[in-house]
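Just below is one structure, and these are the notes that go with it.
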There are 2 protein chains.
Amino acid sequence: MELQKSPLAPSSFPEMPEIDGVKLSTKACGVKYEGRTDVLLMSFDKGTTIGGVLTRSLTCSAPVECCRDHLKSGEARAIVVNSGNANAFTGRLGTASVARTVEATARELKCPENAVFVASTGVIGEPLPDEKITSALGDMKTDLCSNNWQGAAEAIMTTDTFAKGATIKTQIDGKVVTINGIAKGSGMIAPDMATMLSFVATDAALSPAMVQNLISSGADLSFNSITVDSDTSTSDTVLLCATGKAGNTLYNDINAPELADFIQALNKALKNLAHQVVRDGEGASKFISIAVTGAETDQAARRVGLAIANSPLVKTAVAGEDANWGRVVMAVGKSGERADRDKLSVAMGGVTIAKDGQRVEGFDEEPVAKHMKGQEISIAVDVGIADGQATVWTCDLTHGYIEINADYRS
Amino acid sequence: MELQKSPLAPSSFPEMPEIDGVKLSTKACGVKYEGRTDVLLMSFDKGTTIGGVLTRSLTCSAPVECCRDHLKSGEARAIVVNSGNANAFTGRLGTASVARTVEATARELKCPENAVFVASTGVIGEPLPDEKITSALGDMKTDLCSNNWQGAAEAIMTTDTFAKGATIKTQIDGKVVTINGIAKGSGMIAPDMATMLSFVATDAALSPAMVQNLISSGADLSFNSITVDSDTSTSDTVLLCATGKAGNTLYNDINAPELADFIQALNKALKNLAHQVVRDGEGASKFISIAVTGAETDQAARRVGLAIANSPLVKTAVAGEDANWGRVVMAVGKSGERADRDKLSVAMGGVTIAKDGQRVEGFDEEPVAKHMKGQEISIAVDVGIADGQATVWTCDLTHGYIEINADYRS
C-alpha cells in the first residue's frame, strides 16, 4: 500500500546546521527495506553526555533494555539505529543481536561499549539480521559527516509519510548553542511497522545529570503529551546528547536563570518534533490541541487531556467535523480524575459551548462549525477543581486509520 | 442513517417466562423518537430487594446519582426507563427532572420514593422533557402485565440493532427459580446516542445485602469484562431485583452450597446479556474472546485482557483477519501489569503462535488463517507470572464504527 503524504505535514524539512561534535552516516543495508537507507550511525566526540526517556512498556524490546542499561554511564559516543525490524519479542536472540551490534560499534569507533546506544523500529518478532548492520559499520564510519541531518531523518522512517526534523539556536551565558533533533513515528502506534524514536543533539555543555533532567521534563511536555491511538510501542526511545563544544559554563541547578532560554528552546524543539509525529498519525486529517485547566494538579490535567485525546468517540466526532461536547464530557468522566460536573466548561475554537455543567443556550454555532471544518482543532476544558493545567495533542480517527491497520495485510 | 442488524446478532429473541412479582408496561411517549415505544415501567411487588452496579464515570448522569442514593434502601417497587434522552450533563434541571419522575411514580404506585429507580439513555446535554413520561404513568400503570419482556427490551433500545434478552431457570434448595434479564447498548460507547443498561429480575428470595453482593460479583465477570471501544458512558446501569416469590430459604453467605446453582445461572444470564451488547458493538463484524492466564491475580488478568481488547491495533488487525500476535504483545506491555517477556505465549484459534517470548518457528498457519476468517475469534495469552486468570470480550474495529460515529451527524 502506497501511503499518501499526510495533509498535516509541514511544507518542507528545515535547514539543519551542523552541531560541533556530532557526525552522521546512513546506508542502505537491506535489513528489510529495499532501495532505501535503513541504518543510521551517529557518532559523538569524546566528552558527550546523554540522557534519555524510554518506553514504559513491560514488553520492551532488547534495544530499549540496552539503552536503559547504558544510560547509567551518562556518556554517548555512538547511536546505531535501524528501520524495518524492531528486534522486539525476539527473546535471547534479540539480546545477543544487540550485544553484537554494540560490540562491533565500540570496536569500530574505539569507544567503551556502554557509550554505544541502539534503537530499532519495524516488524516485531522477526530475528534481526544484525550482520547486515555490523558488516556495514566500517563503510559508515568512513562516510561520517556533519551536514546530513535530513538523510538521518529519512533513514529511520518506517510508515512515516514525511521526514521529521527541528532545529533551534539559543544562548547559555552568552555562548550561542544549537539544538538539532530528528524523530520518526506515525504515533505511538503500529508497533509492528512503526514506533516513536527521536534523537536530539546539542553542542551545549551539560552534565549527565542535567541532560537526563532536561530530557525527562522536556519529554513530559512533548512526547508524553501526544497520542495517536493510545497504543504504546515496545520500542519508544528519545535520546538527548550534549557535546559540550559550545564551551558554556556547566550548571547543576535546572532552575539556574542562565539555563532558562536554553530550556525554553529545547522544549520548543521537542514539542515541534512531537507535533510532527501527531501530524503523521495514521489516517490523520486534523491536528487537535486539547487544553485542560482547573484540574487538581498538572499531572491530573494531563490525564484528563489524554483521556479526551484517546477517546475514539471524540476522535471520530472531530473527523466528522461535529462539535460534540457531550463526548468530551464523557471522556472527562472516564479519566478517573476529579472534575466538578456542575462547574465543567467546554470550548471549541474559542467559543464556550458548555458552562457550569450545562449547554450554553444560544451560543453562536456558526464560528464553531467553521472551526471544525479546519485542519487545526482546539478544544478547551475547565474541570472546575483547582489550578492544574496541561495541553495534549492528538489527531482524528478516520477511515484512513482502519485502512492502514485492517485492510492492509503485511 | 438506517443501521443494519448486526451480523453477530442471535437468531431470535428468547421466549421469556413470567416472573412472579414483576409487571411491565411500555409506551410511545415521544421523548425523542417518533413511532416507537420509548418508556418502560417495571413494577415489583412489595418485599422485592434490589442491588445494582453503576458507572464509575465522574460525570455521571442525574438518574445514576438517584439510583446510587436509592440503592441504600435495598427495596425496589419500580424502575422507570426512557430512551432517546440520557438526562446527562443537564445540571440542576436534570436533578429536578429525576425528582419529579420519582415523585410521580411513587404517587402512582403508592410506594416510597426511595424504592423507585430511574434510568435514561440517549442524547447528552438536552433537558429531559419529563412531563412526557410523568403524564403517561397512569396509563402505563393500567397496562402493566407480566408477559411483555420482549416489548420491554425494545422500548429501551437506542442505536441497538436488536433487542437483548436472556432467561434461565435453576433451583435454590429444591425450589424452582427463574431469572429474566434485558439489556441495551452498542457497547459502553456512543454516550450521546447509546449507553449500557441492563435490568434483571428473579423470583428468588434474596436479602438486600445478598442481591448487591451477587450483582457486584456477577457484573465483574460479565458487564465489567466487555468493551467495545474503551469509552465509559455517563449512564451505565445494571440492576438486579429479587421478588422472593419462589419461597426459597434466605441465605446470608454467598458461599452457601444451596446458592451455587443459582449463582452459576445468574452469572450465565449476565454473561449472555453482556455478550449480546458486544455482538451489537458499533460496526462489529467479529466477536472476540480474550483469555488471559498466568497473571499475578485475576484482577491483573482482567486488566491485561482489557488492554488487549481496547487496543485499536488489535481490533483493526482482527477486522483485517490478520493473526497479528505482535500487536497482542504490545497491548500486554502497555497494560501496566507484570508479564514475563521471556515466558509469554500467545495462541489464536487454539494454535500457539508465540511461546517463551519468541515466535514458534514453523507453526501451522493454515488453521489460524481459517480461524481469523470466522466470526468468533479466540485469543489466549499466558503472561507467565502466577495463576491469575480472566476472560474478556470485545468486537473488532471496522469502517462501520467510523461510519456510525464520524460520518453520521445527529
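Backbone N, Cα and C atoms are what each Cβ position is placed from, and that goes for glycine too.
Those TrEMBL annotations? Automatic predictions, nothing curated.
Counting every protein chain shown, 28 other Cβ atoms lie within 10 Å of the Cβ of B:GLU282 (substrate binding site). In the three-state DSSP scheme, B:GLU282 (substrate binding site) is classed as coil. The substrate binding site annotation in TrEMBL covers B:THR158, B:LYS184, B:THR195, B:GLU282, B:ASN405, B:SER410.
Per TrEMBL, the feature active site, nucleophile maps to B:THR195. Other C-beta atoms found within 10 angstroms of the C-beta of B:THR195 (substrate binding site) number 33, with every protein chain shown included.
Here the binding-site residues are B:THR158, B:LYS184, B:THR195, B:GLU282, and none sits under 8 angstroms from chain A, going by CB atoms. In the three-state DSSP scheme, B:THR158 (substrate binding site) falls into the coil class. Of all Cβ atoms in the shown protein chains, 23 besides its own fall within 10 Å of the Cβ of B:THR158 (substrate binding site). The Cβ of B:LYS184 (substrate binding site) has 29 neighbouring Cβ atoms from other residues within 10 Å, across all protein chains displayed. DSSP gives B:THR195 (substrate binding site) a coil state; it is part of no helix or strand.
Within 10 Å of the C-beta of B:ASN405 (substrate binding site) there are 28 other C-beta atoms, taking all protein chains into account.
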